[in-house]
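Have a look at the structure below, then the notes.
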Amino acid sequence: MFPGNDSSVTEFILLGFSRNPRTNWILFFLFLFVYLFTVLGNGLIVTLIRVDASLHTPMYFFLSILSVLDLSYATTTVPQMLVHLISKKKTISYIGCVVQMYIFLTLGITETWIFAAMAYDRYVAICYPLHYGVKMGQTLCVALAVSSALCGLTCALVYTVFAMNLPYCGPNEINHFFYTSLNDQVDFILGFILLLIPLSLILTSYVRIFMAILKIRSTQGRIKAFSTCASHITVITMFCIPCMVMYMRPGSEASPEDDKKLALFYNVISAFLNPIIYSLRNKDVKRAFLKLVGISGDGQ
């Protein structure tokens, strides 16, 4: 039963993507592959950064945290989605809703602030290369990571408590593959405060980065400086733009089908693609992988 509400709803029915059993089985194997690759890819990134001393730098410290968040983020929703795709019972309890919402929001909010910390790291590396080791010391990196996590834990708690105390009038069917807030105003506030603030910090960092890159005289130097930011910009775009579209547009323009696609993209697809993006464009990660499997990177 919802607190502060006379409703007797104790569980919700998640309608998911399709009512066609054949389509659901196809989706099951597709998302199972995506999820297993997400776990393998992000787990490999974390392992490489942990075991290879050459990757013990601020940039890779934040990347390892991002990989853990992506892995956890997908695990919050995908296993349940896989079960519901092949099961006749597609329900989630009220307690399950609360727990899933809180964990999902904690991870998502923390990730946006980790993006901001990564942007600041690139700003210091490009704009103050001679002072990078001093400015981005271990103490600051840990402080940025801990403050991001605390922000995620606190904001998610406030949002979840507030959302669960809002009046709710049935039905108990939700046209989605995981539990989401049922109040447009709360979603808009979430999007405005918890997305725009870190995004404004990210934008500020990259404006200064681009100004510094434009001052580099050689074309090769500009390309090299920009290449260190390209992966980060791509990952931020894949995660934040779908979030902004989903949470900050007016409720009258919202479509359940569009919301499912947007949520699938920033929750599942981005976590699936992040290891590919960072490994394909990163010689250090490739070298660490070859070293881990016993192949010398010198002859490549």
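Each Cβ is built from the backbone N, Cα and C atoms, and glycine gets one as well.
Sequence-distant contacts of the transmembrane segment (25-49), counting only residues of its own chain at least 6 positions beyond either end whose CB sits under 8 Å from a CB of the stretch, comprise 17-18, 55-56, 60-61, 63-64, 67-68, 70-71, 74-75, 78-79, 81-82, 85-86, 268-269, 271-272, 274-276, 278-279, 285, 288-289, 292. Annotated transmembrane segment per TrEMBL: 25-49 (among others), in sequence order.
The domain 'G-protein coupled receptors family 1 profile' annotation in TrEMBL covers 41-278. Each residue in the domain 'G-protein coupled receptors family 1 profile' (41-278) has a pLDDT score, and their mean in this model is 82.
Sequence-distant neighbours of the transmembrane segment (61-86) (same chain, 6+ residues past either end, Cβ-Cβ under 8 Å): 14, 16-17, 24-25, 27-28, 31-32, 34-35, 38-39, 42-43, 45-46, 49-50, 92, 100, 103-104, 107-108, 110-111, 114-115, 117-118, 121, 141, 144-145, 177-178, 235, 267-268, 270-272, 274-275, 278. If you look up TrEMBL, you'll see 61-86 (among others) marked as transmembrane segment.
Positions annotated as transmembrane segment by TrEMBL: 92-120 (among others).
Feature annotation from TrEMBL assigns transmembrane segment to 140-168 (among others).
The transmembrane segment feature in TrEMBL is assigned to 188-213 (among others).
Non-local neighbours of the transmembrane segment (225-248) in the same chain are 66, 108, 111-112, 115, 118-119, 122, 125-126, 187-188, 190-192, 195, 199, 202, 206, 209, 212-213, 216, 259, 262-263, 265-266, 269-270, 273-274, 277-278, 281-282; each lies 6+ residues outside the stretch with a CB under 8 Å from one of its CB atoms. Sequence annotations record features per position, and here TrEMBL assigns transmembrane segment to 225-248 (among others).
Residues of the same chain lying 6 or more positions beyond the ends of the transmembrane segment (263-280) and with a Cβ under 8 Å from any Cβ of it are 31, 34-35, 37-38, 41-42, 44-45, 63, 66-67, 70-71, 73-74, 77-78, 176-178, 180, 231, 234-235, 238-240, 242-243, 246, 286, 289. Under the heading transmembrane segment, TrEMBL lists 263-280 (among others).
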